[in-house]
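For D309, the entry in Swiss-Prot reads active site, nucleophile. The active site, proton donor annotation in Swiss-Prot covers E352. Per Swiss-Prot, the feature region 'Disordered' maps to 619-645. Annotation source Swiss-Prot lists compositional bias 'Polar residues' at 636-645.
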Amino acid sequence: MSVINCEEVKRDEFHTEKYYESYNIFGAHVVTEDEIQGVRFTVWAPHAKAMSVVGDFNEWDYEQHKMLQVTEEGIWSLFIPHIEEGEIYKYAIETLAGDVILKADPYAIYAEVRPNTASVVFDIKGYEWNDKNWTRKKKKKPIYKEAMTVYELHFGSWKKKEDGTLYSYREMVEELIPYVVEHQFTHIEIMPLVEHPYDRSWGYQGTGYYAATSRFGTPHDLMYFVDECHKYGIGVILDWVPGHFCKDAHGLYLFDGTPTYEYKDKDVQENPVWGTVNFDLGKREVRNFLISNALFWMRYFHIDGFRVDAVANMLYWNKEGQEQSNEHAVSFLRELNEAVFAEDEDFLMTAEDSTAWPLVTTPTYEGGLGFNYKWNMGWMNDVLKYMECAPEYRKHIHEKMTFSLLYAYSENFILPLSHDEVVHGKKSLLNKMPGDYWDKFAQLRLLYGYFFTHPGKKLLFMGGEFGQFDEWKDLEDLDWNLHDFEMHRYMHDYFKELIALYKRSKPLWQLDHSPEGFQWIDANNNEQSIFSFIRQGDKQEDALVVVCNFTKATYENYKVGVPDFEYYNEILNSDAEQYGGSGQVNKKRLKTILEPYHNQAAHVEITIPPFGVSILRPVKTRKGSKKQDGSKTKVRSNVTSRGKR
């Protein structure tokens, strides 16, 4: 990190212009000045009357190390000789009201382990990265036409030691990475790792945006974890919260005694539901703080993506009864995405947005917000409501399973089965399923089959892969003992086979963002709650037929219209006995019958299992058959697919 002497910085660079290396000015930097080694402290506090640095090195005496104000707009700085890395410190701020308050450093790179709240001097230089091969691989294969399976996890509750203590960043290399590799996830998405005081905020209410939480080790330890993930071909996505922050007294809130990082207007400052305050995204210094922070994580931790939290809350003012968009947030998000993609065009910027805001994943130069992915919250809500409904009544809400294809190509979507849906009394995915014990497992297998065959990249929260029975308990680890039970082992085996099938099957991801990648066979069989469709790859022969039965009935000799290939093989059946099913499978090769059905040139007759998904693959083209043309009924979109930037 190249530290810039703040006295040499033009005021406009931080206060009025785009300046995305703020971390080189602010914070605590181990430096040598006039041949004397020490630490330079720099902070922005525009309404402070006076500033000091306090810590163990001066017995927390406010009078000893007074800072110098170096710009009229409130940049303060001080070089303290002969102190070293590892010193704990805070800023003592004399407010306009004459009070002295203690604050952690907004740009601190390291902090004390909670419940202590001081910042820690840390020299971030020195880690030697070994991930050049990973970087080359990313550039060679952009994600838009590749398989993408994201494992979302909470670092502190995935697994704990026998005594209940947390695994460190370095220890998780041995615990987590082999597990992720075994399950063939392409990425992990970690809930926020910025410093935060309250465990149960899960990291979403941060105080130290530049500090990797010390709960799990040092910043260099986290770098090692990311480096090892890249070594084994795993991308690392971080949850990042640029919209709001917590009100703890040592943090950013009323930093110099006045609203500094947050809006001044109380009507838009507060988030009463979360107990947080909103960043003032119209203030240049705040934008520089946040965008510098994003680039800091990219440059120093080699992060591969951000899931940007609570975008909906940013896009709209939270004044009661007001639907007006927040133009500060809109322009900030565009500026953020432009800066990120200028740094790394292969980065993943995913919006967690539940609104119908248009063009979220359209580049800014085409009038969009500039993200390249968006969580498909509509799909998630509709599908889970459908699955929670008693099977005999699903025919009355049939449209919940078909509606998503009307807008599936309006954005680049990720399908999230996320932490939000398995907490706060919502039940686990397994326990959402109606019916008896067997029914629950059968329907979860069915849900996963539909999930992996529906257009869009995939995200699953930890525990779902083996059928966690209880909802997520953030103070405990996952119920790993469930592997002692046969049905959970079956579920785990099924999930691993399903994700392996997904990764080796181009039709399931190659045209995720193009209408040509999906075609309904029959979307209208609400009476039997059966859905059938085709997933298509770039080549004609890269096609799969998917049939999903959302009732407990078994159907034999069921006609399914198919493209004209001579034979089909069933390559996965969720009802197979090895997955805990009843064994209603199609073992034999299925010969097509050259009679049109479901607007297809031919059809096959299959057994459809109870609560089952059957995936069929064509074996060979019929001799003399013509290439499929565009006459088949396809899902159309009036929005151009944006599968690349």
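Note that Cβ sites are derived from N, Cα and C of the backbone, with glycine treated the same way.
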Measuring Cα to Cα, how far is the residue listed as 'active site, nucleophile' from E352 (active site, proton donor) in Å?
5
Neighbourhood of the residue listed as 'active site, proton donor' by C-beta distance under 8 A, where only residues 6 or more apart in the same chain count:
R307, V308, D309, A310, V311, A312, W375, M377
Across all the protein chains here, work out how many other Cβ atoms are within 10 Å of the Cβ of D309 (active site, nucleophile).
20
